[in-house]
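J.: Sharing a structure with you now.
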Protein chains: 2
Amino acid sequence: MTGRLHLNAFLMDNGHHEAAWRLPESDPHAATDVAHWQHLARVAERGKLDSLFLADSPVVWGGSIARRPAAALEPTLLLTALAGATRHIGLIATASTTYNEPFNLARRFASLDHISGGRAGWNIVTTAGLDAARNFNLTALPAHRDRYARAAEFVEVSLKLWDSWDDEAVLADKTAGVWGDDARLHPASHTGDFYRVAGPLNVSRSPQGRPLLVQAGSSESGKDFAARYAEAVFTAQQTLADAQAFYRDLKGRAAALGRDPETVKILPGIVPAIGATEREALALEEELDRLIRPEYAKAQLAEHLRVSPEDLHLDRELPADLPDEDSIQGAKSRYTLIVTLARRERLTVRQLIGRLGGGRGHRTFAGTPEQVADAIQHWADNGAADGFNIMPPVLPRGLEDFVDHVVPILQRRGLFRTDYEGTTLREHYGLPRPAPARGLAAAR
Amino acid sequence: MTGRLHLNAFLMDNGHHEAAWRLPESDPHAATDVAHWQHLARVAERGKLDSLFLADSPVVWGGSIARRPAAALEPTLLLTALAGATRHIGLIATASTTYNEPFNLARRFASLDHISGGRAGWNIVTTAGLDAARNFNLTALPAHRDRYARAAEFVEVSLKLWDSWDDEAVLADKTAGVWGDDARLHPASHTGDFYRVAGPLNVSRSPQGRPLLVQAGSSESGKDFAARYAEAVFTAQQTLADAQAFYRDLKGRAAALGRDPETVKILPGIVPAIGATEREALALEEELDRLIRPEYAKAQLAEHLRVSPEDLHLDRELPADLPDEDSIQGAKSRYTLIVTLARRERLTVRQLIGRLGGGRGHRTFAGTPEQVADAIQHWADNGAADGFNIMPPVLPRGLEDFVDHVVPILQRRGLFRTDYEGTTLREHYGLPRPAPARGLAAAR
């Protein structure tokens, strides 16, 4: 049975709650232990989830490793290791268009798609933050708008490279001594504002043709970009109304570009603290919030808001005079989300820190498996989601609880598959394998 | 028992002979089949080899896929997949200093070292060829000398990044809520002629501290570079005298820089066609040479020599008026090696094609296991090699034959280990784990 929901496991070292590593059960060295990640991948596959996903930024955040695990294995390599530990689940890696070369990155995703038998996905990010820029020869952050223009051209080049070998290009004609047909090779021949790439790629066309394209930006540029390129969209939404508005908006933008809105799957994030009883779930949430060190969290919040830590007081609301949104060149949508959440619910800085520490702006939720399933179904039934980005606050426990207790409820309700029916990530998401595009206007 | 030889398996799709894919036993789709590579890795590990190695160039060579398998999975990903299929053998990937960013590449090697439990090695190349340049926004090839200057700075930045976390930086102090000690984090703070990289790396110090550094350039710049940075050197030498001269030269250059020459292991390549009898070995070599399509090989040779294919005649020697070596900006040492080999042995173009088709300038050798072992020992006993880069002409058969029939002879003679004694690649090569360097002149 198929079901109509799509579920992605968003994995992060000891879990999404910033204090998860401090729980007695947590291994604080898990971030660099491939066995930890292999276990998580196998649990997610036991739950028949569509995919698992790794976020990424090429930086030690804020230059500090004090607050939480700060070692991050490179995602395309880590997913390659997880491909060997699993057989079905999709593997989505974040990678930056600002700090990679299209030839190298397109090749890594084509390689991951071959190695995993068609399970590769790319979460396309433009990478905010001066910290990152300073690791790549820059002294200033490229402007928000420029990063998206570069990202669009980066994706266009990548599409040309993935399509540079026809599916039938490898003849393997031993008798004639002809391995490949040069007539079925199509150089990228790309010359644009940011890139000149001759091509062809040196990897044959992969099982999926190209990786699943994922995007998570929520700024205006981000939504336009997603509407044009994304096949799955991860998004942070706090309320049903906001999620419905985002869903309508993005599907509308895709339709306006001539795309079938069904081919853009929208997955809001949810951080479910799961307990056998509601009281148990709330106790977990409270224990985690108690383990946050507020001075670290306040410093991080100040950095997000582009203010000095001294301007924030733990038991007061945010100051009234914050920087104007338009002046933010970094993670613009993250900024807006934090400020909106704080103002709407009139949260003190301490309360805001608890909410953000749990899910960095994603929807946190404490409840029984039945309540979590209800929350998921409620949004899915009301035009707010095609599926969910599951962000367990504690790993591996939170993923095990979700897979063993929430997934069976969704399956009984006919909302989620009881087994994999396809072999590729695209098949899990109900998306077709693209034919190679040919010609200049070919990308879409 | 340890033995004093080091053996590396240089793997290449269906084997090093360009026509290997045409043999009845060969799977012409092996290049993109991870199961093929996993089998090879397990065979090499069964033979207790120090390491396996993947060459690389970010290009479809000559823009043609006709002649031989031309799909190449990205090496750091493929080795990550092989890490999961093996437990002991070292994993050496080629990567270019001209077409990567230091932060990204240093991070991938640190990640591979974590994932493999300390088995990562980096073969540092500067990447010759206009084809490659044209995949990375360039319209001309950077000059030979500039590529090496950039490579040296790239390695310096990488060393700073690998050393940016002390071994003790991760405190994992759950009670105090302090994951890492910021005082044990050392930004790279690099500002040079080619790179500005702030650091620190976002990966903790890996089991080996840093990957084993390997180099294979044979030009003057290449040898200087190897003497400064390399811990293992792959080289193509046709005669004992040439190999001895190279060995003395490189060890001398390393000593002149204040390094212990014992910490630079020199491994000439050998392409052994192995048969139960000498006749069987020669028959294999002849069968392979017969399967070369001379018009393809002539076109490739012409490209190497920077002449037109019409200037080459299959049954004549090379033309007298070839371009001057100093005018070659690409693979300078490859050019010199080909011309020297052809002139010394007065080979016709057809004969030269056979020799190059078998090993691209490396020493080809047909014989029984005993003869191959003798050839290896002869060079090792006479100051020409610390070990060998084994390049089977046909895979997997040539590696299986080497492991099952040649390795036991070397073991009986006390020349090669009968089991792994260490767990890391550095331990296999008898090299120490480096302490983090501190300060400006710290790299060496």
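Using N, Cα and C of the backbone, Cβ positions are placed for all residues, glycine too.
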J.: Check TrEMBL for me: it has A:Asp56, A:His144, A:Tyr148, A:Ser218, A:Ser219 binding FMN, so pick out which one of A:Thr86, A:Thr94, A:Thr175, A:Thr191 it puts in that same site.
T.: A:Thr94
J.: Let's check the environment of A:Thr94 (FMN binding site): how many other CB atoms sit within 10 Å of its CB?
T.: 20
J.: Need the DSSP three-state call for A:Thr94 (FMN binding site) to compare against my parser.
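T.: Once the DSSP labels are grouped into three classes, A:Thr94 (FMN binding site) ends up as strand.
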J.: Within the domain 'Luciferase-like' (A:27-384) only, compute the mean pLDDT.
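T.: Across the domain 'Luciferase-like' (A:27-384), the average pLDDT comes out at 93.
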